[in-house]
Amino acid sequence: MVQLLAGRWRPTGARRGTRGGLPELSSAAKHEDSLFRDLFEDYERWVRPVEHLSDKIKIKFGLAISQLVDVDEKNQLMTTNVWLKQEWIDVKLRWNPDDYGGIKIIRVPSDSLWIPDIVLFDNADGRFEGASTKTVVRYNGTVTWTQPANYKSSCTIDVTFFPFDLQNCSMKFGSWTYDGSQVDIILEDQDVDRTDFFDNGEWEIMSAMGSKGNRTDSCCWYPYITYSFVIKRLPLFYTLFLIIPCIGLSFLTVVVFYLPSNEGEKISLCTSVLVSLTVFLLVIEEIIPSSSKVIPLIGEYLVFTMIFVTLSIMVTVFAINIHHRSSSTHNAMAPWVRKIFLHKLPKLLCMRSHADRYFTQREEAESGAGPKSRNTLEAALDCIRYITRHVVKENDVREVVEDWKFIAQVLDRMFLWTFLLVSIIGTLGLFVPVIYKWANIIVPVHIGNTIK
């Protein structure tokens, strides 16, 4: 009974016949195992696989990008996930498929055979090579290796038109030790493959093209492939949360001159705007690289607005000083000041004319033939004249104060239109070049890529 149960529960492979307790290999596995032993028994992965020493290996090189991970403006780095496509002929990996059960393709780990030492020259994190994956080897010796890699490459960031900027970042690939007489690189496809590209939320790739070049020294020449990525920043985020608030603060400065001069909040409003602009400038400093070669567009606009606000504080202080002038604190108003600010400028600024309310004293010219006696009526007239002179003097003082206040209003209105005009011209002068560049460079490239 025990023998019957033992025979019933015997493993299937054991019934068919085993080799050391393991199932025997199938015919295909035997052929592939034999093929690997024959190919790699005397294979040396450090030796360049050529028939003659003077022969050179031609590497077909292509690039596919799967993701533009990040563009670090501060450290001037571009992080990408790419696939390196390489294909070459290994004369030591050839076989006749008929001798090995019709096997035409095998997969071999890249660390088991000779591979070209093609690296990214402008790498910024010290990782010059990609991941180690399997290669596809065909019976005629063709080796295809698609190598995934995550690169941080150096990229010179031009922030002149930030955040409406267009960057050109390049990736330069070449052999680390072999010259062109030993390993030559052939550009397989000029365009970077973007079939499996995952869109980035901040950057858009306008074009990605490759080109071949050669570097020559005293003895040898070294081929390399350079891929240029033209990328455009998507400016919606920075426009909504950076540019529009800055423009709003700039025009808010103009509103200061619409407040009455006797309001103390004018200086407070100007100071608050200046502090807000300083905060925006600190935010910009954290984003853009520290460089003295170029000043970003938004930085120029912030500096322009800060100077604008500083001048507005100065002229506001001057207007408040004019508003509180009187005959007891300052000398009499100069005739040219009266003519310009009380008669000329109000008409040009569409303000209500300031009537001349100065009292014109009538000349009292009474001539007498001889001294008259002072009677009661004359004494009363003297009292009336005294009161009249006192009233006229107070009226003159009050009218002088009103004239200075009106001049302060004229200055506020003049500065209102002047600063509004300067703000509009400055804003258009800084952003029109960006609009021109956008219309003449970025839009045609985008349309061309869409048609393609």
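The backbone N, Cα and C atoms fix where each Cβ goes, and this holds for glycine too.
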Per Swiss-Prot, Trp404 shares membrane side with Tyr436: no
Disulphide pairing with Cys219 per Swiss-Prot - partner from Cys220, Cys246: Cys220
Spatial neighbour of Asn168 (N-linked glycosylation site) that is closest, considering only the recorded positions Asn140, Cys219, Cys220 and their CA atoms: Cys220
Between Cys155 (disulfide bond) and Cys219 (disulfide bond): CA-CA distance (Å): 30
Alpha-carbon distance [Asn214 (N-linked glycosylation site); Asn140 (N-linked glycosylation site)] in Å: 30
Euclidean distance between Cα atoms of Cys220 (disulfide bond) and Cys155 (disulfide bond), Å: 28
